[in-house]
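**Student:** First the structure, which I've put down as structure tokens, then a few questions once you've had a look.
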Amino acid sequence: MTLLWIALLPLLGVLVPALTAQRGRSFCSLATAVLPATALVMTLLNVPALLDGEQLRFSVTWMPELALDLAFRLDGLSLLFNLLILGIGLLIILYAHYYLAKDEPFGRFYAFLMLFMASMVGISMSDNLILLWLFWELTSLSSFLLIGYWSYRSDARKGARMALTVTGAGGLALLAGLLLLGDMAGSFNMGDVLASGDVILADPRYPLMLGLVLLGAFTKSAQFPFHFWLPHAMAAPTPVSAYLHSATMVKAGIFLMARLHPAIAGSELWSVVVSLVGIVTMLYGAWFALMKTDLKGILAFSTVSHLGLITVLLGIGSPMAILAALFHILNHATFKAALFMSAGIIDHETGTRELKQLGGLKKAMPVTALLTTLAAAAMAGVPLFNGFLSKEMFFTESLATPVLGGVSWLLPALATLGGILSVAYSLRLVHAVFFKPAREEPPKTPHEPPHLMRLPVEILVVLCVVVGLFPAFMATGLLELASEAVIGSPLDFHLAIWHGVNLPLIMSLLAFVVGIALYWRHGNVRRFTQQFAGIDARRVFERILISIGYRSEQLIAALEGNSLQRYVGWLWLAALVMGGIGLVQITDLTGAAGNQPLDGILILGAVMLMFGGVATAATHRYRLISLLMLSVVGLFVALTFARFSAPDLALTQLSVEVVTMILLMLALFFLPQKTPRESSPLRNVRDMLLAGTLGLVIASLNYAVMTRDTLSISSFFVENSKPGGGGYNVVNVILVDFRGFDTLGEITVLAIAGLAIFKLLNRLRLFMPHSDGEGRVWSPDRYPAVLTSISMTLLPLALLVSAFIFLRGHNQPGGGFIAGLITAVALILLYMARGVAWAQERLDFPFQPVAVIGVAVATLTGLGSWLFGHPFLTSAFGYFSLPLIGTFELATALLFDLGVYLAVVGATLMILANLGKVTTAHRPVTETSGKDTDAAAATSSAKEPR
Amino acid sequence: MEPLMAVAIGLLYATAIFMMLRRSIVKLVIGLMLLSNAANLLIFTTAGMTRGAPPLIAEGMMQPPSGVADPLPQAVVLTAIVIAFGVLAFAVVLIRRAYEVVKADDLDKMKDTDT
């Protein structure tokens, strides 16, 4: 269980800064640190169990259809990464507390940071491939937010976008790769996958899968040629760079390669590709680190270089190489985070990161100078620092590996070259900033930062030194656990500073001598390289993006030409193609069931239906007539339902037809009166052709389906309606019981539509014109006496009928939907007959609560079944007998139907009454802003013709 | 009778699509209305057309007589009818708002969201 909490606490921590940001920065920083600190302690509490060789797993089935489990594991590798993520994360929180300017929204920063931390911990502990991928994507998203934190800066926005594009694309490739991997292994459980390495290697899809997974890993870990986003991500605030771009996120790709190592690494392909990409990345990064003049730029490229180094080691893949890789992950995280934070301090206190403006800072910032020098020494691989140990191991492994076959000697040579460059840029960083006199003055007078801001750097530098001095004591335990997790069996090794004079030591010495000389003459080197025009990765990237965008726009313009009609036309054309494909595959259009005989009434009905449709289209220039024809269609649809054994549908269609006609009448008044210029004849023909063809295809498909006996799940509903649902009307039982959840969704949609209309009509002002668009004067008799008296007489009757229909709904045609519509129609009739003002006085309550209460009643009925330990929306019914009245049935379904009834009444009235009110003083206004509204209401009612 | 019904539904679809392809907003709304009618009929008829046998169980019985109409499409269509009304109303008001912003009844002129 603690495993779940370790993963969950940082995620909960996202809320902490959001909730505490109001209470000042110190409180907020402290509060934010509590949850990750707890998670760190919980991780450490699990170490004894790990040392005892226990398998720490936690698993809950989440979405079995997607093979997604909420599964976590804590093994040595997860332990190593958790310590890095949570430990350095805590230091970053402290550092950011001082780094961010006073007026910057720190709450948001901490929230993003925690989101990132949570997703990293998730990657580190995932025991399921899909879950791992989810967290992987989450790191891309949260790092996008963090890089773009200073969103007012163009470089921050562009850098964030670039990082998201590259890592996001890699993430997609990874998803494909992981799906393949899971398919090959037959399971998405991490343990199963890692155990089935042989099956995976033998699978013919292995190269494809490997390519996709590596694409994900290389983009994330900034390996050549996807490295270019990392330097541009340096637009992020320095705490972010120190955290994401040195210690954690860029290590996610490395982590993935290490995690999946037992499953996918056993092939020649892996060794060659991974080690080659690694070595190129290492040299490329190191070279540009030497050339950059921006402090964070140097660190970014050196990070690229070190990530390359770790990748080479993973590519070599021998147990000792894995050990070296893990050790270097740890070492690099400590010294590089320290260096980034130092760079941030220098930036913070001097106002610049340009080497030109920096120099001689050792006088103003002696402590920072010392700390930076020590960390840089670790980066260069000076003996007695942790970087030296892992670099020596790297040299040793590069000498021992046969991975490149006949040219394997190249590897140690290139490794030494990397070492040389590493020494040179480390030296340059320290010397140019602290010792060499400055060429220009920095913008601010430098001084030491607040002590607590320096504390994280101090802690990390002390770690670098202590691990460097006592490697066996400090790191052996952790590395034993981590390497065992990757290799699968315990590894016997001994970390020591002194191995005697051997070839790796000579390589180190060579690196130092040549590296110092290179820095000595590096002005010449710079002048030499400046002859070549550099490629600005960002410009290339932006150009590609712009050209993709431009091409897409061209394509869209060619397809739909900015016309919504053509857009719809394409959709219909696609439907035509799909339907047509289906149709041509049918050998015989008339199915086995055959035709039923025709009769006169049916012919009449169908003819009227067709007449209505054609007349609606034909008279489309006379909107009122067109509407009348439309109502003919609606009526005959209702009659069709009645004819073919669907009394519920007929009732619903009839009552909806009424409200729809009222709605469309209002809409006629509401929508523009003038018709735009008529379409060209060509366009008319084109549209008719498309519509006609589609109509034919649909008719044929419909006919084909109608004449075939279809397999249906309905028999279940028919058989269980009475025994299971307690109702005689199967349709109603389906609605309120079997598929009650769908119905709940439907009434929610209806209520939302009503509320949205209410909001959209808010403050809409319409003035009733004298006549309609075609010059006809509105009737002067606004409230005809006949309608008034009839509506008054009908109202109680209609309410009675709706109550009757509602109550009998479970057993006879009827129910909440129909009863609701009848009630709504009766009330609307009142509005129409007596005017809004009159009705408003008598129905003085807002309708939106009615709809909301309806949805609430239905939901609560569903929730009620939880109280009895049943699933959501389980219905119960029973028979009760009362004296005089006799036996009757009470079912929770009735309560649910009541909710449906209320939602339908509320939503319908909300829609129609509010639409009707827009010309009156009762128009919907939610935000009453005093005088303005009153004045507006006064003018509009003054203008209202009477 | 199946061919006749199929033709009627196909024709309703054709008129609905034709109306939706007009440039006037009002015609689009009418087209939507026709389309929902046609679609409801289509779904309703997929289970076959049964005469005089509504899916009702006689009082005191546990199951309806065999051969009753399929209740499932009916339940689906019933909610669809009500929802279609809600969506239509929403579309009308939304179009009205869009008209107010763009000041054009011509759908060809509603090209972007900028005013």
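Including glycine, each Cβ sits where the backbone N, Cα and C put it.
I grabbed these lines from TrEMBL:
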DOMAIN    A:65-110  domain 'NADH-Ubiquinone oxidoreductase (complex I) chain 5 N-terminal'
TRANSMEM  A:80-100  transmembrane segment
TRANSMEM  A:107-125  transmembrane segment
DOMAIN    A:126-400  domain 'NADH:quinone oxidoreductase/Mrp antiporter transmembrane'
TRANSMEM  A:164-188  transmembrane segment
TRANSMEM  A:242-264  transmembrane segment
TRANSMEM  A:455-476  transmembrane segment
TRANSMEM  A:496-520  transmembrane segment
TRANSMEM  A:567-586  transmembrane segment
DOMAIN    A:609-673  domain 'MrpA C-terminal/MbhD'
DOMAIN    A:683-765  domain 'MrpA C-terminal/MbhE'
TRANSMEM  A:684-705  transmembrane segment
TRANSMEM  A:783-807  transmembrane segment
DOMAIN    A:787-909  domain 'Na+/H+ antiporter MnhB subunit-related protein'
TRANSMEM  A:813-833  transmembrane segment
TRANSMEM  A:845-868  transmembrane segment
TRANSMEM  A:888-913  transmembrane segment
REGION    A:923-946  region 'Disordered'
COMPBIAS  A:935-946  compositional bias 'Low complexity'
**Student:** Spell out yes or no: are there three or more C-beta pairs under 8 angstroms between the domain 'NADH:quinone oxidoreductase/Mrp antiporter transmembrane' (A:126-400) and the domain 'NADH-Ubiquinone oxidoreductase (complex I) chain 5 N-terminal' (A:65-110), with each pair 6 or more apart in sequence?
**Tutor:** yes
**Student:** Residues of the same chain, at least six outside the transmembrane segment (A:567-586), with any C-beta under 8 angstroms of its C-beta?
**Tutor:** 559-560, 687, 690-691, 693-694, 697-698, 700-701, 704
**Student:** Any chance you could find the range in A:80-100, A:455-476, A:888-913 with the most Cβ pairs under 8 Å to the transmembrane segment (A:845-868)?
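**Tutor:** Per the Cβ under 8 Å count, A:888-913.
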**Student:** Ranking A:80-100, A:455-476, A:783-807, A:813-833 by the number of C-beta pairs under 8 Å to the transmembrane segment (A:888-913), which range is first?
**Tutor:** A:813-833
**Student:** For the transmembrane segment (A:783-807), could you work out the same-chain residues 6 or more beyond its ends whose Cβ comes under 8 Å from its Cβ atoms?
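**Tutor:** Distant contacts of the transmembrane segment (A:783-807): 651, 814-816, 818-820, 822-823, 825-827, 829-830, 832-835, 894, 897-898, 901.
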**Student:** Within the same chain, where does the transmembrane segment (A:80-100) have neighbours whose Cβ lies under 8 angstroms from its own Cβ atoms, ignoring anything closer than 6 residues to its ends? I mean 6 or more beyond.
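**Tutor:** For the transmembrane segment (A:80-100), the nonlocal Cβ contacts are 6, 10, 25-26, 29, 32-33, 36-37, 39-40, 43, 74, 106, 109-110, 113, 117, 120-121, 123-125, 237-239, 242-243, 247-248, 251, 255, 326, 329-330, 333, 337, 341, 344, 348, 449-450, 452-453, 455-456, 459-460, 478-479, 481-482.
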**Student:** Would you mind listing the long-range same-chain contacts of the transmembrane segment (A:813-833), meaning Cβ under 8 Å and 6+ residues beyond its ends?
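**Tutor:** Distant Cβ neighbours of the transmembrane segment (A:813-833) are 647-648, 651-652, 655-656, 658-659, 662, 729, 731-732, 735-736, 783-784, 787-788, 790-792, 794-795, 798-799, 801-807, 839, 842-843, 896-905, 908-909, 912-913, 916.
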**Student:** Within the domain 'MrpA C-terminal/MbhE' (A:683-765), how many residues are helix, strand or coil going by DSSP?
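**Tutor:** Split into helix, strand and coil, the domain 'MrpA C-terminal/MbhE' (A:683-765) gives 66 helix, 1 strand, 16 coil.
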**Student:** DSSP on the domain 'Na+/H+ antiporter MnhB subunit-related protein' (A:787-909): how many residues come out helix, how many strand, how many coil?
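**Tutor:** Per DSSP, the residues of the domain 'Na+/H+ antiporter MnhB subunit-related protein' (A:787-909) fall into 87 helix, 12 strand, 24 coil.
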**Student:** Tell me, roughly as an integer, the mean pLDDT over the domain 'NADH-Ubiquinone oxidoreductase (complex I) chain 5 N-terminal' (A:65-110).
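**Tutor:** A mean pLDDT of 90 is what the model gives the domain 'NADH-Ubiquinone oxidoreductase (complex I) chain 5 N-terminal' (A:65-110).
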**Student:** Could you give me three numbers for the domain 'NADH-Ubiquinone oxidoreductase (complex I) chain 5 N-terminal' (A:65-110), the DSSP helix, strand and coil residue counts?
**Tutor:** 31 helix, 7 strand, 8 coil
**Student:** For the domain 'MrpA C-terminal/MbhD' (A:609-673), what does DSSP give as the number of helix, strand and coil residues?
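**Tutor:** Per-class counts: 55 helix, 0 strand, 10 coil.
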